[in-house]
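What TrEMBL annotates here:
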COMPBIAS  42-55  compositional bias 'Pro residues'
DOMAIN    133-200  domain 'PDZ'
REGION    1-57  region 'Disordered'
Amino acid sequence: MQESEKTMCDPEPLQNGEAMSPDTTDSKGPPGDEENQGAVPSAPPLPQEPPPCPRPKLVFHTQLAHGSPTGRIHSFTNVKELYARIAEVFNISASEILFCTLNSHKVDMQKLLGGQIGLEDFIFAHVRGETKEVEVIKTEDALGLTITDNGAGYAFIKRIKEGSTVDRIKTVCVGDHIEAINDQSIVGCRHYEVAKMLKEQLRGAPFTLRLVEPKKAFDMIGQRTRAPKSSEGKMVSGKETLRLRSKGSATLEEIPDEFEDKAIEKVDDLLESYMGIRDLELATTIVEAGKNKKSTDDFAEALDSVLGDFGFPDVFLFDVWEAMGDVKNGRI
């Protein structure tokens, strides 16, 4: 939930109770100045424009997902700063926060905080709970996991495919942070790096995952959630959202239009299909890079300038370009 605290910009008060009026000095010049008698007085100076009003301070309400009093946070421009503000309110370390959901205390991946926060959204912070280790034997090429990250160095499980290798390991749950693979810490790795490491595990060979589950409230103990098959949507409300960026400051933006919404959803689906990750911020960045481009070459060049580190395969770029064209032309 957001509040706006505005500073009113009032004109400066008048001195000594004098009325604000044009200069009414006698039109006659000073004594002895006969040449200026009857001269029209000069116009008074134009009043100075009042200083611009500062932008309202955006204040959001927050709680710890397993239960806490309500706190208020403001003055953050990216996810790491958001976590730092939440940590200050509840007197915990920012490293305790695994991820945040909007408007729900549950481990609900449809309400995961991504790159945008609606101005009326209520933020729930999920903190570290119990640590567990599981042994996994890769019986298929794909483990059945979709990986995302919290933007501050923690990768976690966003989806478990029904009937997959991991689905058969009942201690592994949606929302679990992957802390290590075979005792190798992956804290600080992006989700696509973790997905790549998991894909590279040898088929038939066992490996170990060290997982940290979100701390649970009493009414959540025993729950094993699985994200639905439909694409996750952004949680937004109001007419504007606060857009958080991995690089640069947060900006206040209009809610994406229908084209952008559909295109972002399709690109997010393609990210999961090609890379085993879902990332609305990444999908939004891809759509923004391509929505005004005239050709695939222009799109690839624009994408390379902002996301060169990903090294997307050409077939992925072509599929994204085609999907955006389908949305733009009403075929989707």
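The chain as shown is numbered from 1 upward.
Using N, Cα and C of the backbone, Cβ positions are placed for all residues, glycine too.
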(request) Would you report the average pLDDT that the model assigns to the domain 'PDZ' (133-200)? (result) 91
(message) Let's see if you can do this one: DSSP helix, strand and coil counts over the domain 'PDZ' (133-200), in that order.
(response) 12 helix, 23 strand, 33 coil
